[in-house]
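Please read the structure below before turning to the comments.
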Amino acid sequence: MEQRIKGTTGLMALIGSPVGHSGSPAMYNFSFRYHNLDYAYMAFDIKEDQVPAALDAIRLFKMRGANVTMPCKNEVAKHMDELSPAARIIGAVNTIVNEDGKLVGHITDGIGFVRNLKEHGVDVKGKKMVVLGAGGAATAIQVQCALDGAESISIFNPKDPFFARAESTAEKLSKETPDCKVSVFDLEDEAKLKEEVANADILVNATLAGMKPHEELTLIKDKSMFRPDLVVADVVYNPAETRMVKEAKEAGCKLAIGGKGMLLWQGAAAYKLYTGLEMPTAEYQKFQEENENK
């Protein structure tokens, strides 16, 4: 699957800062080769104040689109010609699609989370959820799950600056998705957390707790909260299994998964928006495994 750059080759990109560590160029360029598409994908270090110029460049160079990472997600959303429902509610964009000069902003983090659960046989529709956290990933998950028909979402976060964001998200969703009951609680209220998890179908850690180098951290101090019919999902993908995921498995939860799949499927969702095709995820995972030790 050789890839050659030609005079006709279209450009796609990742914008944000820093981007040197990103695996996106490898994933997208592999997928373009697999589907024999005449595109090349690069990463550009773009600061927040450079966003307007970067968006002008997307139009000028007739790029099909771009992925957006921190710190540019919120700033990009302000300059889009159109936003998807989730991107509009959240006020953030991680995927820009250039439709003949009209830039349409999407957010695929929540889509990736929902798809990852579906790949493991779990549909969020009609489910009661507890989501720990109120940062960017947490908000994307909360909004997408509400849009996709979750029955209720209980958000737990410390009384820090993000608590107000959680309350704002709940208020927006009460108008946008009135059939989904969204509540916000203090994470320090362990009795309430235990009560809500006992009534939930799905428990999600959408914080950095458990990420390297703090693998010993977990927000679920009482392992008795884990039960056989509970689905446990973590957005952390390094390590592949956090302490929470390991303890949920040990307790016999019917499903306990880390965040690697969410990362893969949010990229696949963006790829489909750009190309209309399904990203060859299985083939790319195999390619990664074959080359990770080279």
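Each Cβ is built from the backbone N, Cα and C atoms, and glycine gets one as well.
Since this is a predicted model, take the numbers as computed values, not measurements.
Marked as active site, proton acceptor by TrEMBL: Lys73. TrEMBL lists Ser22, Gly23, Ser24, Thr69, Asn94, Asp109, Tyr237, Gln266 with the feature shikimate binding site. For Gly133, Ala134, Gly135, Gly136, Ala137, Val235, Gly259, the entry in TrEMBL reads NADP(+) binding site. Residues or ranges marked as domain 'Shikimate dehydrogenase substrate binding N-terminal' by TrEMBL: 14-96. Taken from TrEMBL, the feature domain 'SDH C-terminal' applies to 261-282.
Features as recorded by TrEMBL, highlighted on the structure.
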residue : record                       : Cβ contacts under 8 Å, 6 or more apart
Ser22   : shikimate binding site       : Leu14, Ala43, Thr69
Gly23   : shikimate binding site       : none
Lys73   : active site, proton acceptor : Gly16, Ala92, Val93, Asn94, Ile107, Gly136
Asp109  : shikimate binding site       : Asn94, Gly136, Ala137, Ala140, Ile141, Gln144, Met262, Gln266
Gly133  : NADP(+) binding site         : Ile155, Phe156, Asn157, Phe162, Asn205, Ala206, Thr207
Ala134  : NADP(+) binding site         : Ile155, Asn157, Phe162, Phe163, Arg165, Ala166, Thr169
Val235  : NADP(+) binding site         : Phe113, Ala137, Ala138, Ile141, Val204, Asn205, Ala206, Thr207, Gly259, Met262
Tyr237  : shikimate binding site       : Gly258, Gly259, Lys260, Met262, Leu263
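Site extent for shikimate: among the recorded binding residues Ser22, Gly23, Ser24, Thr69, Asn94, Asp109, Tyr237, Gln266, the largest C-alpha separation is 19 Å. With a cut-off of 8 Å between Cβ atoms, the residues of this chain six or more beyond the domain 'SDH C-terminal' (261-282) that come close are 12, 24, 27-28, 30-31, 34-35, 37, 64-65, 67, 94-95, 97, 106, 108-109, 111-113, 115-116, 119-120, 233, 235, 237. In sequence order, Leu14, Tyr41, Ala43, Asn67, Gly267 are the residues of the chain that are 6 or more apart from Ser24 (shikimate binding site) and have a CB within less than 8 Å of its CB. Of the chain residues outside the shikimate site list Ser22, Gly23, Ser24, Thr69, Asn94, Asp109, Tyr237, Gln266, Asn67, Leu263, Gly267 have their Cβ within 8 Å of the site's Cβ mean position. Residue counts for the domain 'SDH C-terminal' (261-282) under DSSP, split into helix (H, G, I), strand (E, B) and coil, are 17 helix, 0 strand, 5 coil. Among the residues Gly133, Ala134, Gly135, Gly136, Ala137, Val235, Gly259 said to bind NADP(+), no two Cα atoms are farther apart than 16 Å. Residue counts for the domain 'Shikimate dehydrogenase substrate binding N-terminal' (14-96) under DSSP, split into helix (H, G, I), strand (E, B) and coil, are 36 helix, 18 strand, 29 coil. Local packing around the Cβ, expressed as the count of other Cβ atoms within 10 angstroms, is greatest for Asn94 among the binding-site residues Thr69, Asn94, Gln266.
Annotation for Gly135 (NADP(+) binding site): same-chain Cβ neighbours under 8 Å, separated by at least 6 residues, are Phe162, Arg165, Ala206, Thr207.
In three-state terms derived from DSSP, Gly133 (NADP(+) binding site) belongs to neither a helical nor a strand segment and is classed as coil. When each of the binding-site residues Gly136, Gly259 is scored by how many other Cβ atoms sit within 10 Å of its Cβ, Gly136 comes out lowest. Other Cβ atoms within 10 Å of the Cβ of Ala137 (NADP(+) binding site) number 24 in total over all chains.
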